[in-house]
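Chemist: Following this message is one structure expressed as structure tokens.
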Amino acid sequence: MNLTRREFAKANAAAIAAAAAGLPILVRASNLVTEADVTSLVWNKAPCRFCGTGCSVMVATRDGQVVATHGDIKAEVNRGINCVKGYFLSKIMYGSDRLTRPLLRMKDGKFDKQGEFQPISWEQAFDIMAEKFKAALKAKGPESVGMFGSGQWTVWEGYAANKLFKAGLRSNNIDPNARHCMASAVMGFMRSFGMDEPMGCYDDIEATDSFVLWGSNMAEMHPVLWSRVTDRRLSAPQVKVAVLSTFEHRSFELADLPMVFKPQTDLIILNYIANHIIESGAVNRDFVERHVRFAHGAEDIGYGLRPDDPLEKKAKNADKANTWSDIDFKAFAEFVKPYTLERTARESGVPAERLKALAELYADPKRKVVSFWTMGFNQHTRGVWANNLIYNIHLLTGKISEPGNSPFSLTGQPSACGTAREVGTFSHRLPADLVVTNPKHRETAEKIWKVPAGTIQEKVGFHAVQQSRMLKDGVLNVYWTQVSNNMQAGPNVMQEVLPGWRNPDNFVIVSDVYPTVSAQAADLILPSAMWVEKEGAFGNAERRTQFWHQLVKAPGEAKSDLWQLVEFSKRFTTDEVWPAELLAKAPELKGKTLYDVLFRNGQVDRFPASDLAKGYANDEVDAFGFYIQKGLFEEYAAFGRGHGHDLAPFDAYHEARGLRWPVVDGKETRWRYREGYDPYVSKGSGVQFYGYPDKKAIAFALPYEPPAEAPDQDYPFWLATGRVLEHWHTGSMTARVPELYKAVPDALVYMHPEDARQLKLRRGSEVKVVSRRGEIRARVETRGRNKPPQGLVFVPFFDANKLINKVTLDATDPISKQTDYKKCAVRIELLNLA
């Protein structure tokens, strides 16, 4: 058998993915032929549906179904490679329990909160939704309605939802599930640089000498990027890899400097590195003097718990968490001076020689460094601080905004950047880094959206965790979720999430593809189209915006989230949802539907259906009579063009494998803030952090503070949650792929063998994991990929039959409002020895 190099690479990649899923050799080799003229397949590009890496795949369709996918060899991100999840993308839409009709809880032919789900029409679904929304708005105003969205929304779905709630219904109670994963990264960027999102790109991987992973298991969570890191490490002898985590995982296999630290002490390690840089004379004085100023952040800021919690009452600055005062470099140096090597080794548990070697990676002026982090940093009661502290290190050394020198926050969802952050679907944000609390920002949005001045409320809406609390307390009464599964993914679900959803005064709508845990707890389920059943756009972790066409039809009566949002807007007139004083400013809008005002406004509807590329279906174009995706995108792009968030024209993205913003004069930007790469940086300045008026970044003096909950005599173990390679988030897609489910069918309790021995457990024992909030049953694993130190257990959250978030604590970072899923106290109880 003679294979070309390309054929061998494709066969090898397929074999690796199949082996990971436990497939036999014959099946592995059965679909290596991909040529369209041989197979009668039609191939098109699309970004992968899973993580924030943003891999591009080629999607094969035949007879109205997706039948195969493979890595896109033209894609800069993944270069033809996929991870094991990506290789099974063709199966995620075809689970046997796919939702295809709206379902309402009913008894005796009417809605009943305690009734059974029965199929209804879309007309009936929108009837009861409109009834519930209008009743709540009339009785209690905009604060009584809300929406929980997603970093998996397409760009235009998130944008339409943002408009509908913030301008149409005048409620800022819209927040994405990205609050649980990226909010601390957002606030870290905003505080340090005055603008959100990374300054670097994936090209840094091939340009650097050092990789430092902080709370990031890239080998399993970003495996395609990890393949590039591995290639760089193995092909260049000077390259070093440091990995820091609270437990050992697969990324440690490549580590030159492996470090397992005690939970929360990453703050101490970060301050020690800054101190080492200063004490050893490694500060890049010229860079710091020209480009950095210093500030002391508020301390003792609480833990984002309910106001009556003792920890919140005790905190001195819970209401001033995001404040700071200016200091100088000398004061900053004095602040970090107590974070010595000896103290850091003692309190973190990391050997001193490894800590010093890590600090010297950063301090060495001849060595380039890329710092990667994900949920270990962000899901942290001091996650914003952790982000600020890593920026301190890169700013002190000047190792930033240039090839191979980059602090890089990796995202977990395919459009947490593109939709949640850039579109501004958080409860405090508007597109392009604008915020609802700023009058000028509201004015900008109102002008672009062509709504009267004063339409957008200045009060920040309820964030994700607060939404659950407000549902429970009866403040929030009508709640719509799309592309999210918060009943499984939210923290402390039994005490703070489920009670609000089942509160008889509340009405909860879930739009989803499968009957998830959240869907089963709802009152109304709306069947959604997914991935290539609709035209879409995602924005990945390196600011790359990627488009795809609709390639197949959704099954049954399933509809895209965009169609649901826009069609539902027809059910409201301005008279029903806007006060008289607002309508008096724009009498021409009186009596019009929100659909007319928001989506038939002369901007969104200005592109005719004929603009759609030939040969592609588009159900929303058919439904509304114009190219709504193009209209929404171009209106949204107006927020950022000329302001450092420039997006290319709509049609350019269908031709490219994504473009990294800002895109100016057709050219994408790889490194922001650096002259020669970023068009917004003035000639001769070298570097400009133009998010702030003085074009300087801020280095923050921030201390170590303890976690909200720690092990004690009654609950002697730390619990950390997270993911595994084969599953994505709550498993609602991957658990329906037989090969992935077979590979990892159950969530396990990973623990140290000595802890198991002392508790008289063994591998396979069934145990209870118990906290002050709830408990689950699962089996013990003392071997395998995750190796916790003594005193810590790790349980992934993909398993709908083992809801580990019954156990977790709903403490959040007080600045970002992001949940800490990595640190709470539990005990382990034997149920069955096995």
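Cβ from N, Cα, C; glycine included.
Take a look at what Swiss-Prot says about it:
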type    : residues                                                                                                                           : note
SIGNAL  : 1-29                                                                                                                               : signal peptide
DOMAIN  : 41-97                                                                                                                              : domain '4Fe-4S Mo/W bis-MGD-type'
BINDING : Cys48, Cys51, Cys55, Cys83                                                                                                         : [4Fe-4S] cluster binding site
BINDING : Lys85, Gln152, Asn177, Cys181, 214-221, 245-249, 264-266, Met375, Gln379, Asn485, 511-512, Lys534, Asp561, 721-730, Asn805, Lys822 : Mo-bis(molybdopterin guanine dinucleotide) binding site
BINDING : Phe797                                                                                                                             : substrate binding site
Chemist: Check Glu248 (Mo-bis(molybdopterin guanine dinucleotide) binding site) against DSSP and tell me helix, strand or coil, would you?
Modeler: strand
Chemist: Relative to the Cβ position of Val724 (Mo-bis(molybdopterin guanine dinucleotide) binding site), how many further Cβ atoms are located within 10 Å?
Modeler: 26
Chemist: Of Glu220, Glu248, the binding-site residues given in the record, which has the fewest other CB atoms within 10 A of its CB?
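Modeler: Selected from the binding-site residues Glu220, Glu248 on minimum Cβ neighbours within 10 Å: Glu248.
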Chemist: In the domain '4Fe-4S Mo/W bis-MGD-type' (41-97), how many residues does DSSP put in helix, strand and coil?
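Modeler: Helix, strand, coil within the domain '4Fe-4S Mo/W bis-MGD-type' (41-97): 6 helix, 20 strand, 31 coil.
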Chemist: Rounded to an integer, what is the Cα-Cα distance in Å between Glu220 (Mo-bis(molybdopterin guanine dinucleotide) binding site) and Cys83 ([4Fe-4S] cluster binding site)?
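Modeler: Rounded to a whole number, the Cα-Cα distance is 9 Å.
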Chemist: What Cα-Cα separation, expressed in whole Å, is found between Cys55 ([4Fe-4S] cluster binding site) and His729 (Mo-bis(molybdopterin guanine dinucleotide) binding site)?
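Modeler: That comes out at 17 Å between the alpha carbons.
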Chemist: Could you measure between Met375 (Mo-bis(molybdopterin guanine dinucleotide) binding site) and Cys51 ([4Fe-4S] cluster binding site) for me? Cα positions, answer in whole angstrom.
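Modeler: Distance (Cα to Cα, whole Å): 13 Å.
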Chemist: How many Å separate the Cα atoms of Lys85 (Mo-bis(molybdopterin guanine dinucleotide) binding site) and Cys48 ([4Fe-4S] cluster binding site)?
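Modeler: So the alpha carbons of Lys85 (Mo-bis(molybdopterin guanine dinucleotide) binding site) and Cys48 ([4Fe-4S] cluster binding site) sit roughly 9 Å from each other.
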Chemist: Which one is it: of the binding-site residues Gly215, Glu248, Lys534, Val724, His729, whose Cα lies the shortest distance from the Cα of Cys83 ([4Fe-4S] cluster binding site)?
Modeler: Val724
Chemist: For Glu220 (Mo-bis(molybdopterin guanine dinucleotide) binding site), what is the secondary structure by DSSP, using just helix, strand and coil?
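Modeler: Its secondary structure by DSSP: helix.
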Chemist: Distance between Gly215 (Mo-bis(molybdopterin guanine dinucleotide) binding site) and Cys48 ([4Fe-4S] cluster binding site) at the Cα atoms, whole Å?
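Modeler: Between the Cα atoms of Gly215 (Mo-bis(molybdopterin guanine dinucleotide) binding site) and Cys48 ([4Fe-4S] cluster binding site), the distance comes to 24 Å.
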Chemist: Using DSSP and three states only, what is Phe797 (substrate binding site)?
Modeler: coil
Chemist: Out of Cys48, Cys51, Phe797, which of these binding-site residues is nearest His729 (Mo-bis(molybdopterin guanine dinucleotide) binding site) by C-alpha distance?
Modeler: Phe797
Chemist: Applying the rule Cβ within 8 Å of the centroid of the Cβ atoms of Cys48, Cys51, Cys55, Cys83, what extra residues of the same chain belong around the [4Fe-4S] cluster site?
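Modeler: So the extra residues in range turn out to be Phe50, Thr53, Gly54, Asn78, Asn82, Lys85, Gly86, Pro223, Val224.
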